[in-house]
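Read the structure below first, then the notes.
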Amino acid sequence: DFFKMEAGSALKSFVEYTSEHHFPLENIPFGTFKNPETNETHCCTRIGDFVIDLAVLHDLGHFSGDHLKGENVFNHEFLNTFMAAGRPAWTEARVTIQNLFAEGSSFASDEDGKSKTMFAFDKVEMTLPVNIKDYTDFYSSKHHAYNVGCMIRGPDNALQPNYTYLPVGYHGRSSSIVLSGTDVRRPKGQVSADKKVPTWSDCKRLDFELEMGAYVGVGNELGKPIKISNSSDHIFGLSLLNDWSARDIQVWEYVPLGPFNAKNFASTVSPWIITLEALEPFKIAHQEQDPEPLPYLKEENPSTYNIDLHVGIQSESMDAPHEVCKSNFKHLYWNVNQQLTHHAVTGCNMSTGDFLGSGTISGPEKSERGC
């Protein structure tokens, strides 16, 4: 819900919503839901407060373009089939939906078609949108890496020598990625106050991590790296991510190979994936990187996105969330294109549905720390 589109949108829909709504006609996110009439899981989008069944729209003959007129790529439990179709299909779907739901369209007066495809968001069950094949979590916020390094090694040696040369990352656990709203069980594990002898205990230092993640739409063959010049064509879209972390378990286990059980019990993702086309109005120049990236990571016009992010905590006794931090996607030192390119530079084969976490997104101020 933190992808807020600009007020005064140029596009107008017959679906009513305020100018401050997160889901105007310019957005067109993608997700999956259970159709309340058939109980089947289909791919969907959202405009205003309505979820739109794309599989039924396809069955009604509304996707007639070159890339989508054949197989109903939306009649699936996950978005993977649609994602694998590539950017021409993604663009065609987006434009088709925008035309259908525009003010004055023929579909605006199709009461039967609307009743079969449009459902109130608060009446439907969203589902995990992607069958996530592999999950990689990066460490791409320089501010966050510096803060952690100061705690461990002191400010003079906070950043490791490799940090400004490559996007640091590690392989996570895709099986425990869950949809927003799923209960997360407090983990148990080994903890050690003196870092010498552990005890078995409930986690007492459960933490959130404000992140975003990128979904791979089109993969690459084993042995064939992805070039930085076309890496964005492989990225289907971005999503919010909370990478839960058990800090007391992490402190004891992370030497020498890094976190293991401290991060494998749950990672929460948004039901909606926002395409790069929807984020185009928020594209900005990427921060200067010093030293200059090696040639395989150097873009001609490096960019990122100006996306405001907020974290609120709400207990059962609280009426409203209390904001504990705010940050921005632009604070990442390594952008999404560089993350994907570096991941595949060895010839690692990326697959449709792979998920790349950004790492904790922290800004320069204390109030902008993402965990």
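Along the chain as shown, the residues are counted starting at 1.
Cβ atoms here come from the backbone N, Cα and C positions, even for glycine.
Straight from TrEMBL, the features:
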DOMAIN    26-129  domain 'Fumarylacetoacetase N-terminal'
DOMAIN    135-365  domain 'Fumarylacetoacetase-like C-terminal'
BINDING   Asp137, Glu209, Glu211, Asp243  Ca(2+) binding site
ACT_SITE  His144  active site, proton acceptor
BINDING   Asp243, Lys263, Ser267  Mg(2+) binding site
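A map of TrEMBL features onto the structure.
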{"residue": "Asp137", "record": "Ca(2+) binding site", "Cβ within 10 Å": "25"}
{"residue": "His144", "record": "active site, proton acceptor", "Cβ within 10 Å": "26"}
{"residue": "Glu209", "record": "Ca(2+) binding site", "Cβ within 10 Å": "22"}
{"residue": "Glu211", "record": "Ca(2+) binding site", "Cβ within 10 Å": "28"}
{"residue": "Asp243", "record": "Ca(2+) binding site", "Cβ within 10 Å": "26"}
{"residue": "Lys263", "record": "Mg(2+) binding site", "Cβ within 10 Å": "24"}
{"residue": "Ser267", "record": "Mg(2+) binding site", "Cβ within 10 Å": "26"}
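Cα separation, Glu209 (Ca(2+) binding site) to Ser267 (Mg(2+) binding site), rounded: 9 Å. A coil conformation is recorded for Asp243 (Ca(2+) binding site) in the three-state DSSP classification, outside any helix or strand. The distance from the Cα of Lys263 (Mg(2+) binding site) to the Cα of Asp243 (Ca(2+) binding site) comes to 7 Å.
Computed over the domain 'Fumarylacetoacetase N-terminal' (26-129), the whole-number mean pLDDT of the model equals 98. Taken residue by residue, the domain 'Fumarylacetoacetase N-terminal' (26-129) breaks down under DSSP into 39 helix, 23 strand, 42 coil.
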